[in-house]
Structure formats: C-alpha cells, structure tokens
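The following features are taken from TrEMBL:
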type	residues	note
BINDING	50, 51, 52, 63, 92, 93, 118, 119, 120, 123, 173	substrate binding site
BINDING	59, 63, 173, 181	Zn(2+) binding site
DOMAIN	35-197	domain 'SIS'
Ligand SMILES: O=C(CO)[C@@H](O)[C@H](O)[C@H](O)[C@H](O)COP(=O)(O)O
Ligand SMILES: [Zn+2]
C-alpha cells in the first residue's frame, strides 16, 4: 500500500514534468533572456516566496552566487527569505504581508528582476513584493501554479509568468525546482555556449 502511494507520487510527478515541458519551455526561455539581459547590464535578481518556495529562492540564489554546473564569476542574486531580523521586525512592526515588499523597496533598483514564487499565485506577501517591484521599474519572473491566481492580474508583456499546469502544491513545487535549474543552465549557456564542460 505504502509502496503504491510512493510509486503514484513518482508517476504523477514524471507525467506532469513531461506535459509541462511543452507548455513551459517558451516562457522559461523568455525568463532566461530577461535574467541574462539584467545580469549583463549589472542588475541583480531578488527572489521571494513562502514555505517550500522560500527554500527554492535560497536554492536559486546559491546557484547564482556560488555555481550551478560550470565555473564562473559569482552572479548577483539574493533570497529575501533569509534575514531573520528583517523578517521578524517587519512582520512584528508592520505585517507579515510586507516582509518581502519592504526589502524590494530597500534593495530594488530599476532593471533588477524579482523572481516571485507562489504555487497558488495568491500569497499576499508575494503579491505585495510584485507590486513593489513593478513600482520600481523592475521586471518580474513569476513561478506559479493553480491557474496563476492574482499574479495574472499584475503582470504585463514585459514580465514572464511561468504557471505550472497543476493544482497540487507538491507537484507544482517539483516543477518549480526543475524550472530553476533550467534558468541556471540557460544563464550559464548564454554566458559560455551550449555544452557543459564537466
Ligand atoms: O512546501 C509546502 C507544501 O509542499 C509548504 O511549505 C508551502 O510552501 C506553504 O504552505 C506556502 O505558504 C504556500 O504558499 P504559496 O505557494 O501558495 O504561495
Ligand atoms: Zn513542499
């Protein structure tokens, strides 16, 4: 019984990934172009999200500041999910809904990118960060699912919406992580060309 449940998770995840590849390849490519252009111009990428998506933000920033698969100079990416003093001060003195938007207002500059990760597309802390980014003339790459929720109403053609075609949070997160690795690989390929050399 347990074994069947495990196999069912693997099957559902694999099937979704194959299906999502068709739908998401184009927006992921657009996101790589947007990110590469920003990094080439000396801008940075900031990432925000809650719970498992907070971990995704940190994973992404680590691969840009450290490395993905190839040796290169550190690239400027930061997770807005890590400074417990900022997070607790803003949540305590204002509201949790402002924990990311305050940081976008503090650190964001025109031309920077916000990587906004929310499986529902409805987390208010992430929605507020998107609005703060757009107000600062930043571009937004949103990773969502479940139809995209409120995020649909905020983005324009200058932004990129990568919406995983599924309703289950865990499955959506699994595709978000794969997408993050595609973004890292795309940025490295834009820097160095197509082949991984190790
Ligand atoms: O990882 C999981 C569930 O798989 C949870 O921690 C999940 O990320 C949290 O419930 C989040 O608060 C969900 O927020 P969101 O994806 O709807 O923006
Ligand atoms: Zn999770």
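Each Cβ is built from the backbone N, Cα and C atoms, and glycine gets one as well.
On a predicted model such as this, the values are computed, not experimentally measured, just so you know.
Sequence features annotated in TrEMBL and their locations in the structure.
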residue	record	DSSP (3 states)
50	substrate binding site	coil
59	Zn(2+) binding site	helix
92	substrate binding site	helix
118	substrate binding site	coil
173	substrate binding site	helix
181	Zn(2+) binding site	helix
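When the binding-site residues 59, 63, 92, 181 are checked against ligand 1, none has a Cβ within less than 6 Å of one of its atoms. Largest Cα-Cα distance over the residues recorded as binding substrate, namely 50, 51, 52, 63, 92, 93, 118, 119, 120, 123, 173, equals 32 Å. The two recorded residues residue 63 (Zn(2+) binding site) and residue 52 (substrate binding site) have their Cα atoms spaced 17 Å from each other. Mean per-residue pLDDT, taken over the domain 'SIS' (35-197), amounts to 97. Cα of residue 92 (substrate binding site) to Cα of residue 59 (Zn(2+) binding site): a span of 26 Å. Taking the Cβ of residue 59 (Zn(2+) binding site) as centre and 10 Å as the limit, one finds 16 other Cβ atoms among all the protein chains shown. Taking 63, 92, 118, 120, 181 as the candidate binding-site residues, the subset whose CB lies under 6 angstroms from any atom of ligand 2 is empty. Sequence-distant neighbours of residue 173 (substrate binding site) (same chain, six or more apart, CB under 8 Å from its CB) are 52, 53, 56, 119, listed in sequence order.
Neighbour list (residue 120 (substrate binding site), Cβ cut-off 8 Å, at least 6 residues apart, same chain): 144, 145, 146, 149, 169. The Cβ of residue 50 (substrate binding site) lies under 8 Å from the Cβ of 118, 123, 125, 126, each on the same chain and at least six residues away in sequence. The Cβ of residue 181 (Zn(2+) binding site) has 63, 68 as same-chain neighbours under 8 Å, each 6 or more residues away in sequence.
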